[in-house]
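According to TrEMBL, the transmembrane segment annotation covers 25-50, 62-91, 103-122, 142-165, 200-228, 240-258, 278-297. Feature annotation from TrEMBL assigns domain 'G-protein coupled receptors family 1 profile' to 43-295.
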Amino acid sequence: MLTFHNVCSVPSSFRLTGIPGLESLHIWLSIPFGSMYLVAVVGNVTILAVVRVERSLHQPMYFFLCMLAAVDLVLSTSTMPKLLGIFWFGAGDIGLDACLGQMFLIHCFATVESGIFLAMAFDRYVAICNPLRHRMVLTHTVVGRLGLASLLRGILYIGPLPLMIRLWLPLYKAHVISHSYCEHMAVVALTCGDNRVNNVYGLIIGFLVLILDSVAIAASYVIIFRAVMGLATPEARLKTLGTCTSHICAILIFYVPIAVSSLIHRFGHCVPLPVHTLLANFCLLIPPILNPIVYAIRTKQIRERLLQIPRIKMKIR
């Protein structure tokens, strides 16, 4: 590690603290976090497998659900194995480039997930407001392009963040990150240079993703609800709204924790650091855990396919 003026240095690695202030409880915290990670992996892999096997689910909504499951696997896997390593073995060391890579994966795929929710809202809009053209508009090619556009948007939005840190902010006043993963603001707070550009860019990206995407999704559902209220019978209204329930639940599961965590990070200076760190981890774990559960409960085809598994095992025995 090179040192300048006995204050700032160029680190080759950082040390993640895990949950700061709760180090004595790390081994106990590993039990719920490890269990939640296992549930997230099993749930999302199951969704991918069921949609792949069940041909009746080869529709735009379920293709988007598969994209969502893949993104959730990346989000949870980019943080949880390292966190469990810290809990079990105290393995908090992480290289500078690995830290920036983790930062990119977390923020990039959170942005991708928001884009997929936007694409799913468009799918529900076309399916309900213009059902006769749904198959024509949302072909497999269009669905693939929407998924690719979400991925490219995430890369374009988040790619500059680690590059700006690597090129413009090479010096650090400390190499201990009081967090369980390389969160952007936690890393930037350790730099010695002028980090205002990074802070402003982060705010702009947060506005573009969190605010604009949620506003666009809300606008699409206002139109959808107006169309549903125009249906002739209450039964038809409930049946149509039922197709949107899973999506609405998934949106709330994703956006509400992120919004709360962002507000606490920016303005909740009186909130204890362990609370903020735990909430940040829950933001990356709650959607991967709950999304498969919500869609399994609310989607008849997925639920029926999952219920067939125990029956098949009984027949084999």
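Backbone N, Cα and C define each Cβ position, glycine as well.
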Distal contacts, the transmembrane segment (25-50) - CB-CB under 8 A, six or more residues away: 18-19, 57, 65-66, 69-70, 72-73, 76-77, 80, 83-84, 86-88, 281, 285, 288-289, 291-293, 295-296, 302, 305-306
Stretch contact, the transmembrane segment (240-258) with the transmembrane segment (103-122), Cβ-Cβ under 8 Å, 3+ pairs: yes
Segment proximity, the transmembrane segment (278-297) to the transmembrane segment (62-91), 3 or more C-beta pairs under 8 Å: yes
